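Asker: One structure, pasted below without further comment.
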Amino acid sequence: MSVEVTNETAWQIDGKIFSDLGVWVMSQMRVSTQSDLTIMFVDPDPIAQLHMRWMNLEGPTDVMSFPMDELRPGDGGTEMEGVLGDIVLCPWVAAQQALAAGHSTMEEMMLLTIHGILHLLGYDHVTPEQERQMFGLQRQLLLTFFALRQGAGARATLPAGTPDALAEWDREHAAGGKTAK
């Protein structure tokens, strides 16, 4: 399994943790060891552009998934092989959501990584039943990953004095009455 992590933000993020998480989740979902995944951290403007282009929705969002080979979870004896796809996350939006949820930005980004992988595997949350199944699975995966790592907590931080890119995005786009979602 190959997981490439790219950080195009000012956030200081330990890519190895996200690589380990991606490999672990793919193995739990019975994705082939020959499969590839890319996780990219971006600022509000790039994810807002992707959000508009692919979802026709304005403003930055937390995570977007771009499947490649449309792999699905393997059954008990079969592993799927191919390129799983790309996940794009915005730490700025994740930090805002983490604050509202009462946990760390790192925990939120790890949850969003799992959420993105599940989307790549065909999970969705359009109906209440789909939401219950997907959100339950992502929570179970995250808690199990935390338990296996025995609480080894890493942090996502910003260098002192880094401007708030999400607030800047909101200010730049406020003239049109649009703010981050």
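Just so it is clear, glycine is given a Cβ too, placed from its N, Cα and C backbone atoms.
What Swiss-Prot records for this protein is below:
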BINDING   H115, H119, H125  Zn(2+) binding site
Asker: Does DSSP put H125 (Zn(2+) binding site) in a helix, in a strand, or in coil?
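Answerer: In three-state terms, H125 (Zn(2+) binding site) counts as coil.
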Asker: Counting Cβ atoms within 10 Å across all protein chains shown, which of the binding-site residues H115, H119, H125 comes out on top?
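Answerer: Within the set of binding-site residues, the most crowded position is H115.
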Asker: Around the Zn(2+) site recorded as H115, H119, H125, what other same-chain residues have a C-beta within 8 angstroms of the site's C-beta center?
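Answerer: Going along the sequence, the neighbours come out as V63, S65, G116, L118, Y123, D124, M134, Q138.
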